[in-house]
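Peer 1: These came from TrEMBL, pasted as-is:
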DOMAIN    1-407  domain 'Major facilitator superfamily (MFS) profile'
TRANSMEM  12-33  transmembrane segment
TRANSMEM  76-93  transmembrane segment
TRANSMEM  99-121  transmembrane segment
TRANSMEM  165-180  transmembrane segment
TRANSMEM  212-231  transmembrane segment
TRANSMEM  251-269  transmembrane segment
TRANSMEM  290-311  transmembrane segment
TRANSMEM  317-344  transmembrane segment
TRANSMEM  356-377  transmembrane segment
TRANSMEM  383-402  transmembrane segment
Amino acid sequence: MAADDKKIVLRIAWITALCLIGDSMLYIVLPLYWKEAGLGSLFEVGLVLSANRLIRIPLNPLIGWLYGRIGIRQGLILSIVIAIATTASYGIAEGFLFWIFARCLWGVAWSFLRLGAYYVIIELRSSNELGRLFGIYNGNYRLGSLFGMLAGGGLAQLYGLRQTALALAVFAFCGIAAVYRKGVFEATGGADPIPKRTEARSTISRGIGRRFITGGVIALLLSSFTSSLIYEGMFTSSLSHFTEARHPSTTFLGLSFGSALLAGGLQALRWGWGPALSPFIGALSDRNGSAVPMIVAISLFASGLFLLFPMSLPSTLWIVVTIGILLTATGMSTLLDVLAASIASRHPGTERNVMTVYSMTLDLGAALGPVAAFWAIQRTNGATLYWASAILLFSLSASWRFQSVRGAKATPRRS
């Protein structure tokens, strides 16, 4: 792996992490402090947590088009400014419409951050190490989620939602210094590290029909939607509420945890091991030549864990099951990114098209997840939500296994 390639990926990952802190805090704090936020029900919480994902679905093609005309630095600066404004606004937001507006603005920032990173990685020189590069990015940018969930959960219990949000907005401001720091972007020959070998005008329209039906793209999109719906949508948004309902006060390893701190700590574990685990998983997929066998194994294992999760388990065993689910979430996130980049490389000239549609599919699943989760929680005891997730993950595993055995065209392999 070229040293400059790794520096570029790390720089964008760290900038993303700083911007992500406020957003990640909400997934732990808002389901517990929604009355303080001026919301009327848990269903409104689900809509607020989904709004940033929903707005990204129509925006992703536009931002992909803009990235063909502006530098990566300009896109990052815009996203940082929006992140500062939205995180601070969580401290003054009052009422459903204000929250929806703030979350939609954050969705714009996230689209610039993620699409910029995707475009950089798929066009770097180390194309034979896509797995490791995506692992480095995924593992490091989620450090922002670690800090946001862990610090956010703890601070909110002490000071409430509003003071916590205003304090966390300071961290997004630090991203501006990271953008302007000399070294990485200049080493690539300018402010924009994205090479121009793909056609800038090509965003989502050219070749979308026939090309996307072949080459495993449909299977990729169905898999990414399912994974995002479950992990980034339903599970992430509902964990703190489920923890409060089933384990409001838990003793683990001799320590006592409240529901907000426990949920935040569990989620933070996922982002804490990311910098080591994600590159390792990506490197394994590079050596195997395909991400598919690992996707089959991980999704099958996860389906069993989701069956156990809502059961009446001792607190220690429940925590172990939850940690197992979070481990599979890390694996699926990295492997699907590698799978998407591998399939994109099979469509010369439209790589950005594939990655843009892939990003839209992730956003759709993540957007529907919180709404589905809190709708189900209000109408059932919540167990149905996790058992349905188990069925979906088992189906995902069986589908990829079937395609792999048959040697279908949908099974991507990198040379």
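Cβ atoms are placed via backbone N, Cα and C, with glycine included.
Could you place these features in context, so I can see how deep they sit and what lies close by?
Peer 2: Outside the transmembrane segment (12-33), and at least 6 residues removed from its termini, the chain residues within Cβ reach (under 8 Å) are 39, 42, 45, 48-49, 52, 72, 76, 79-80, 83, 86-87, 90, 106, 109-110, 113-114, 116-117, 120, 136-137, 139-149, 151-153, 156, 160-161, 164-165, 168-169, 171-172, 174-175, 178-179, 236-241, 244, 259-260, 263-264, 267, 271.
Tertiary proximity for the transmembrane segment (99-121) is limited to same-chain residues at least six positions away from its ends with a CB under 8 Å from its CB atoms, namely 8-9, 12-13, 15-16, 19-20, 22-23, 37-39, 47-49, 51-56, 59-60, 63-64, 67, 72, 75-76, 78-80, 82-83, 85-86, 89-90, 93, 130, 133-134, 137, 141, 193-194, 337, 341, 352, 355-356, 358-359.
The list of residues near the transmembrane segment (165-180) in space but at least 6 beyond its ends in sequence, with Cβ under 8 angstroms from a Cβ of it, reads 11, 14-15, 18-19, 21-22, 25, 73, 76-77, 80, 83-84, 87-91, 144, 147-148, 151-152, 155.
Residues 295, 299, 306, 329, 332-333, 336, 339-340, 343, 346-347, 354, 357-358, 361-366, 368-369, 372, 389, 392-393, 395-396, 399-400, 403, 409-412 of the same chain, all 6+ positions outside the transmembrane segment (212-231), place their C-beta atoms under 8 angstroms from a C-beta of that stretch.
Same-chain residues lying 6 or more positions outside the transmembrane segment (356-377) and placing a CB less than 8 Å from one of its CB atoms are 42-43, 45-47, 49-54, 56-57, 60-61, 64, 111, 114-115, 118, 203-204, 208, 212, 217, 220-221, 224-230, 232-238, 241-242, 340, 344, 384-385.
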Peer 1: Over the domain 'Major facilitator superfamily (MFS) profile' (1-407), what is the model's mean pLDDT?
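Peer 2: That stretch averages a pLDDT of 81.
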